[in-house]
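Student: First the structure, then my questions, so here it is.
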Amino acid sequence: MNPRRKKRLAIVSSVLIGIGAIAGLVLYALSQNIDLFYTPSEITSGKKETGIKPVIGQRIRIGGLVVPGSVKRDPESLKVSFQLSDMVMPIVFNEGDPVVTVYYEGILPDLFREGQGIVANGTLAEHPPTGLSVEASEVLAKHDENYMPTELAEAAGQKHEKANYTPEQLNTK
Amino acid sequence: MQFTHFSDFISMGGYGFYVWLSFGATALLLTLLVIDSKAGHKRIINHIAQHKRREDKLRKSREQRKKAAKTDDSAAG
Amino acid sequence: MWKWLHPYANPEVSYHLTNKLLPWFSYLAAIFLSIGLVWALLFAPADYQQGDSFRIFYVHVPAASLSMGIYVSMAIAAFSSLVWQVRLADASAAAMAPVGAAFTAIALITGSAWGKPMWGTWWIWDARLTSELILLFLYLGVIALHSAFEDKNLAGKAAGILTLVGVINIPIIKYSVEWWNTLHQGSTVSKLGKPSMSLDMLWPFIFCFIGFSLLVGVIICLRFRNEILARNSIRPWVRELVEQKTQ
């Protein structure tokens, strides 16, 4: 091999080794933090492996299922509040499960409904009547991997309707 | 058939923009890739042909120079 | 097996074999894709939650799984080139990289266009989306390395090493939705046992998937052919072929 080629090969291999090392270190450092969100039980009692618990005032993401009957929408504005509980399969909601209330002002995604998986982004706060809650600036819908034609879903007792807004509500923003 | 009118098909139940954006971007990218891959064949063949012409020219001029040098030698001798 | 495989490692034989395979792949791809896409867009039922935006599934999922499949094939080619010095393996890896990059880009674009109406956001840095974006950068790096060197052997070596380092990303993409909390849902079709969708939704998907796979075959054949010619430009058989084509 001539010296020029040798030099180029050395540069390329050191770059590759560098990239590999950086990627490895980043992945190692992130391995605890790759989770996109906290579940309600992790917010109330800390993460299972590390015990890490978010503090009041911290910006967090929370992910959970919308508790049926907990959605309260203000008829005049886009304000909405709902409770989230842990995502468990099959879906069951028990009294006494850890729940966190989410407050949000804005248009909900089309997939939002009771029993649906939701990821909300906001600050953790303590509201006297509801306990731990998240004041969300963004609400995203998480859906499952099951797809069904409408007729089949209706036969199985599952229905989905988009949230509707009046023009007055939409004007408040 | 899921749609009764052509306009229903275009609007895709209100999601038309997103559906057509997806299918359109896919079609565009794949068409460009196929065209580039096909054109590459001609490009390479032309490139090799050009290269060969240049080589032939070089060889010819080298031979001519050699011949000229030989005749010079014989003239001098 | 080596004796049987040997003639196919000959560039001239591979070139002509590729030429012979191309029309077959092309016809089959056209048939499967047109049936699959018409079925997906016109006849497949809409989802009960997602409505017609569900139709994006029929390009998003094949593109995403092919983006990983092409990477694995490229890694196998890179490995055989580095270990057994099969020259043609380099050519095939170089042919695959742009196709993989295109399909990764398609998976990201269609996913984004699906995420906006359904999740409420074009992009989120969750494990699945981030690792798929890294896959795109890996492909772009491999393409850049292949074209950065005059010496194709050296280029193949550098790109091959990067390809092999990047293989670790593939299981991360595949299992990200199981290992971590993500916004992206789990997989539908490859679930062991039975896929979580009804048959009238699954059939158009199967046609689309086979169609896109065949199209990948077509494009790789086209590019592989080009790579063989470019890498053997001083061989007499290539010279002869060029003479025939340019006359």
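Keep in mind that glycine also has a Cβ here, set from the backbone N, Cα and C atoms.
Annotations in TrEMBL come from automatic prediction, not curation.
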Student: From the ranges A:64-85, A:152-173, pick the one that TrEMBL records as region 'Disordered'.
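Tutor: Checking TrEMBL against the ranges A:64-85, A:152-173, the region 'Disordered' one is A:152-173.
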Student: Helix, strand, coil: count each for the residues of the topological domain 'Extracellular' (A:30-173), based on DSSP.
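Tutor: Its residues divide into 18 helix, 50 strand, 76 coil.
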Student: Given a separation of at least six residues and a C-beta threshold under 8 Å, show me what packs close to A:His143 (heme binding site) in the same chain.
Tutor: A:Leu111, A:Gln116, A:Gly117
Student: For the region 'Disordered' (A:152-173), what are the same-chain contacts with Cβ under 8 Å, counting residues 6+ beyond its ends?
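Tutor: For the region 'Disordered' (A:152-173), the list is 73, 75-78, 105-108, 110-113.
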Student: Summarise the model's confidence over the topological domain 'Extracellular' (A:30-173) as a mean pLDDT value.
Tutor: 80
Student: Across all the protein chains here, work out how many other Cβ atoms are within 10 Å of the Cβ of A:Tyr147 (heme binding site).
Tutor: 25
